[in-house]
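J.: As annotated by TrEMBL, Zn(2+) binding site applies to CYS122, HIS125, CYS193. The annotation domain 'GTP cyclohydrolase I' is assigned in TrEMBL to 55-220.
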Amino acid sequence: MNTVTIPNKNGHTINDFSNEEIGDDHLFTSLDTPIKPSAFELSDEEKKERISILFSEIMDVLGLDLTDDSLQGTPKRVAKMYIDEIFSGLDPKNKPKIALFDNKYQYNQMLVEKNITFYSNCEHHFVPIIGKAHVAYKSSGKVIGLSKLNRIVQYYAKRPQVQERLTNQIANELKTVLNTEDVAVIIDAKHLCVASRGVQDDTSATVTTYYGGEFNTPAKIAELQNYLNN
Ligand SMILES: [Zn+2]
């Protein structure tokens, strides 16, 4: 994969790649999800209303008969799904509230939460990314409820995403809430834009990793891999 360092400021190219190439090669421009300042001016209900109108337009242009009983409710259904479910992680109000606890057991080794299933969507094609996330941390004095690790993964997955950004956003959030650099995130995912279209490769998977602090040593990486293989 090509490394992107120059932001796509003019809206046309990154390092001389065209927009088409950027999409199919899944290059991305920033750690933060590119979101406009006015992103939350409309209420959720207003957004659903708008998306429903626009989606019926897409269906209409495709030639679908929107008076058909089976299709009639689709635009509204899609709008509700976008806002309440699959893209709900765009809105900071949906961010999980994290409570920390004192590390009473004085457990001071790594904690690994593995096989967290998530569903995301590729921001270049708007088709699913399906995968498993494995996250690990070493307590700096506080611990986090296990279900919260899962919720952090789900929050960042429920956005239009690229896998590298998803990995780093989860890692950053863990570092912030746990107040430590000692976190690791490994994501193994299948991209339907690669499987069901484009090169139509149904067997490949993409693995991305973040090893921070103490995790960024060959010994810790090997230890972590050993847990994930069992
Ligand atoms: Zn894609």
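A Cβ is built for glycine as well, from the same backbone N, Cα and C atoms used for every other residue.
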J.: What is the set of residues, excluding CYS122, HIS125, CYS193, whose C-beta falls within 8 angstroms of the centroid of the C-beta atoms at the Zn(2+) site?
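T.: Other same-chain residues with Cβ inside the cutoff are GLY23, HIS26, ASN121, GLU123, HIS124, PHE126, VAL127, ILE129, HIS191, LEU192, VAL194, ARG197.
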J.: Under DSSP, is HIS125 (Zn(2+) binding site) helix, strand or coil?
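T.: Where HIS125 (Zn(2+) binding site) sits, the three-state DSSP reduction gives coil.
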J.: On the 0 to 100 scale, where does the mean pLDDT of the domain 'GTP cyclohydrolase I' (55-220) fall?
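T.: Taking every residue in the domain 'GTP cyclohydrolase I' (55-220) and averaging pLDDT yields 94.
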J.: Determine the Cβ neighbour count for HIS125 (Zn(2+) binding site): the number of other Cβ atoms within 10 Å of its Cβ.
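T.: A 10 Å sphere around the Cβ of HIS125 (Zn(2+) binding site) contains 19 other Cβ atoms.
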J.: Return the residues near CYS122 (Zn(2+) binding site) by Cβ distance under 8 Å, restricted to its own chain and a separation of at least 6 in sequence.
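T.: The answer is HIS26, PRO128, ILE129, PRO160, GLN161, VAL162, HIS191, LEU192, CYS193.
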